[in-house]
Amino acid sequence: MNVGDRHYRTIWLSDDGRSVEIIDQRWLPHDFRVEKVSTVAGIATAIRDMWVRGAPLIGVTAAYGVAIQMADDPSDAALDGVWEVLHETRPTAINLRWALDEMRNFLRPLPSGQRAEAAYRRAGEIADEDVSLNRAIGANGLEIIKEIVARKQPGEPVNILTHCNAGWLATVDYGTATAPIYLAVEAGIPVHVYVDETRPRNQGAQLTAWEMAGHGVPHTLIVDNAGGHLMQRGQIDMVIVGTDRTTADGDVCNKIGTYLKALAAADNDVPFYVALPSPTIDWTVGDGLAEIPIEQRSSDEVSLVWGKTASGEIAQVRISPETTPAANPAFDVTPARLVTGLITERGVAKASREGLKAMFPGR
Ligand SMILES: CSC[C@H]1O[C@H](OP(=O)(O)O)[C@H](O)[C@@H]1O
């Protein structure tokens, strides 16, 4: 998307043809920093410490990590080694394993001397495919927004609530949950987005709000606990969120707090949509609650918060007593029964095994 008057993706190949450059999302919205990453260890750190985050972007970053490894050592042992190193960086987003499997299965049959060039080519294709998938998700989600706006008074915006950041910053470009929003704005359809701050890492307050402001999307930041209240008062027309892993039965794993939004939406008859590209579907898992590993992140993310001081310094402050322990599950699972529809690149699927198989008959 555009940052000022320049178009950016979240990750791109450096001029040296070996390293990648990424937007280091830890410093947004206060500082726009680009980092060059040239080693597998650097890629692992960037994923684990959330310089880059968001399921599709994590996958693409790992794909480039494999290419960087192949440029250094294209052996079978190195190919297996980089798979292991990057796979253990974050456990929940299925796109990480999907991309690592995609790269290893593609490279394994090739002579080692051809692997580096092929790996960079394939990683670039996966990045380009992500952009295409997200635009298709946007077009399919836009149809839902059009149906809602047709039922409203002329000029009255469609009020959309989103949780966390499933925006262009979570992907290579366009985002998943935000893609329909961006296409609606481009089509001149009035929308307004309620942005959940999304404690504890505040991806909504820091990233989604920055995206909305940068793209001229009317939006309002709210605390995570306000969404149900707004739904009770008819102020939300639909919810669109992303996902880090959706099961073959339509259970949706996403940022912590998503499940509570789905409960409130169900209680208030608010349509609850999940936007996802097909690589985010884990066809090997049915029961998300029982089978999806939930990442437990540092308690410091709960007890400390980043912000900009009055003097302009980006700093961290403590919000709880030093002695107070904190738990930090980073994701939760929304059962398929609470999901109105899964907005995929092929269309809107029912959140069920039958619905997904109808959309992806080859699976
Ligand atoms: C389009 S996937 C975005 C998804 O990833 C986020 O998690 P994290 O910021 O921890 O990588 C969040 O669950 C978003 O919905």
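Quick reminder: no glycine exception, Cβ is built from N, Cα and C everywhere.
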Of the candidates ARG33, ARG90, ARG233, the one that TrEMBL places in the substrate site of ARG53, GLY54, ALA55, GLN203, ASN254, LYS255: ARG90
Using Cα positions only, nearest of the binding-site residues to CYS164 (site 'Transition state stabilizer') (GLY54, ARG90, ASN254, LYS255): LYS255
Three-state secondary structure, CYS164 (site 'Transition state stabilizer') (per DSSP): coil
Three-state secondary structure, which DSSP defines for ASN254 (substrate binding site): strand
Sparsest-packed of the listed binding-site residues (ARG53, ARG90, LYS255) - C-beta count within 10 angstroms: ARG90
Output field, substrate shell: CB within 8 Å of site CB centroid, site ARG53, GLY54, ALA55, ARG90, GLN203, ASN254, LYS255 dropped: ILE58, ALA93, CYS164, ASN165, ALA166, ALA170, GLY242, ASP244, ALA330, PHE331
C-alpha spacing of ASP244 (active site, proton donor) relative to GLY54 (substrate binding site), in angstrom: 7
